[in-house]
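Structure first, then comments.
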Amino acid sequence: MEERPETELISIPATPRVSTPEIQTPSGQRSPRPASKETKSSAWTPTSFISPRFLSPIGTPMKRVLINMKGYLEEVGHLTKLNPQDAWLPITESRNGNAHYAAFHNLNAGVGFQALVLPVAFAFLGWSWGILALTIAYCWQLYTLWILVQLHEAVPGKRYNRYVELAQAAFGERLGVWLALFPTVYLSAGTATALILIGGETMKLFFQIVCGPLCTSNPLTTVEWYLVFTSLCIVLSQLPNLNSIAGLSLVGAVTAITYSTMVWVLSVSQERPPMISYEPLSLPSSAAAFFSVMNALGIVAFAFRGHNLVLEIQATMPSTFKHPAHVPMWRGAKVAYFFIAMCLFPVAIGGFWAYGNLVTPFSMSVQMPSGGILNALYGFHSHDIPRGLLALAFLLVVFNCLSSFQIYSMPVFDSFEAGYTSRTNRPCSIWVRSGFRVFYGFVNFFIGVALPFLSSLAGLLGGLTLPVTFAYPCFMWVLIKRPTKYSFNWYFNWILGWLGIAFSLAFSIGGVWSIVNDGLKLKFFKPN
């Protein structure tokens with residue numbers, strides 16, 4: 001009986017796999033490292049010696065102490081290497097996120113104005129190809145989302161808190177930056193620009209609906225409405241970090257679900273306009289038809305956005321040996337993407353059924369040439385639907401755009417502050433942080449004034465940023481997880497990755513062609 005504890009103690013240094021903790025962050029936040037399967041099964045852990053066999057000859061008080069120690073060591077016993085600078089940056093400043101926050105953020109990032117232009121894509125693709133493309137894109141991006149969640153802590157002792165960090169781990173320091181930095185920043189800035197466009201235009205329509213035909217006040221121009229919307233975004237952007245905007249993400253998620261449902265229900269409940277057609281739009285040349293289809297597929301790809309924020313959202317969660325961060329993250333993501341499907345598919349199918357190819361830009365006499373189901377609803381049924389109901393739908397769109405602007409701008413704010421803190425070795429003051437965010441807001445405002453092509457911008461954004469969602473995660477899985485060469489998993493991810501790159505090139509060309517084509521049309525477009 002006396003030799004049993006000695007046997008346990010002798011086996012302690014057999015396979016020493018415990019990593020020593022790194023320097024603690026200034027805020028005292030640390031995140032434990034998830035154990036691999038090998039560690040769980042055979043490797044020594046800090047609690048190996050506290051087993052029932054070892055505790056059997058010990059009295060009750062000492063047993064309680066050791067059991068409590070065992071729980072503590074399991075909770076914080078193996079630590080993840082942290083960068084002290086992370087405690088100063090907006091994404092990793094707070095690590096008290098949970099599954100609810102993950103659902104709010106993913107839903108706010110995944111549903112928004114891009115759903116409103118999905119019927120435009122169907123006008124070029126038709127029923128069969130439109131539904132097929134939307135379904136394939138949804139399943140594809142759900143798979144790559146799962147990959148990103150799993151790769152957040154794929155390397156023991158390291159958390160990849162940003163998309164660029166994971167790209168550097170997979171592709172190398174320099175190549176990872178070249179491949180991931182431009183599309184992720186472009187996706188954030190481009191989405192912010194498109195949000196200013198749709199938000200400002202929607203505020204203008206909301207004012208027209210509320211004011212009515214008898215209003216005698218001098219209305220603001222479209223550019224002035226862009227400026228009003230940008231100012232509101234800048235005010236809300238003063239919230240310090242990603243967790244602090246969880247309430248805004250909840251507002252954005254609720255408003256997105258509400259107005260998406262309202263828009264397609266109101267559209268299908270009204271009489272369809274005369275001369276409606278469901279045939280794909282005929283264009284004068286085969287080249288024009290090809291580029292239009294590519295742009296439409298780019299709009300479908302852009303509808304599934306938010307993958308550039310997955311690692312950032314997961315970085316706001318605590319992670320321990322017993323409770324790794326990928327569990328609540330995946331739980332919240334599944335709930336979010338269920339509601340995303342409930343929003344995108346009805347809007348695309350219901351909008352195309354209600355308006356057909358009349359939903360495209362320049363096919364209706366609306367005061368803004370951007371197209372989409374929301375503009376079609378206003379253009380064809382503004383006199384058939386109660387003004388209060390129509391105004392409520394437009395107001396919800398404005399709230400959603402304001403909320404989405406915050407979460408998509410957060411990675412850019414993080415990049416600004418990372419550059420500042422790395423040079424000065426101190427956190428940003430309130431004035432420096434506010435200055436960065438004011439500067440960013442007005443830069444996007446000027447870009448929005450210079451590029452007022454919503455549907456075309458969505459196609460180009462979908463093409464240029466498609467690898468972030470559909471291609472890079474597949475390559476990262478192969479390069480980091482290293483599945484068996486020539487296995488099904490190996491072939492599957494390589495094929496998906498290269499297909500994503502090929503589609504990205506084709507959709508980008510289609511998006512550029514559509515911008516040039518719409519720019520020529522805009523010269524002759526005279527709003528009523």
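Placed from the backbone N, Cα and C atoms, the Cβ positions cover glycine too.
Taken straight from TrEMBL:
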- 17-30: compositional bias 'Polar residues' (COMPBIAS)
- 96-515: domain 'Amino acid transporter transmembrane' (DOMAIN)
- 1-44: region 'Disordered' (REGION)
- 116-143: transmembrane segment (TRANSMEM)
- 175-198: transmembrane segment (TRANSMEM)
- 245-266: transmembrane segment (TRANSMEM)
- 286-304: transmembrane segment (TRANSMEM)
- 335-355: transmembrane segment (TRANSMEM)
- 389-413: transmembrane segment (TRANSMEM)
- 434-454: transmembrane segment (TRANSMEM)
- 460-480: transmembrane segment (TRANSMEM)
- 492-516: transmembrane segment (TRANSMEM)
For the transmembrane segment (335-355), name the stretch out of 116-143, 245-266, 286-304, 389-413, 434-454 with the most CB-CB pairs under 8 Å.
116-143
Stretch contact, the transmembrane segment (460-480) with the transmembrane segment (175-198), Cβ-Cβ under 8 Å, 3+ pairs:
yes
Let me spell it out: take the transmembrane segment (175-198), skip the flanking residues so only those 6+ beyond its ends count, and list any with a Cβ under 8 Å from a Cβ in it.
112-114, 116, 163-164, 167-169, 226, 229-230, 233, 305, 308, 370, 397, 401, 404-405, 408-409, 411-412, 415, 440, 443-445, 447-448, 451-452, 454, 457-458, 460-461, 464-465, 467-468, 472
Taking residues 6+ outside the transmembrane segment (434-454), which of them lie with a CB under 8 Å of any CB in it?
113, 117, 189, 192-194, 196-198, 200, 222-223, 226-227, 230-231, 233-234, 237-238, 370-372, 409, 412-413, 416-417, 420, 428, 514-515, 518-519, 522
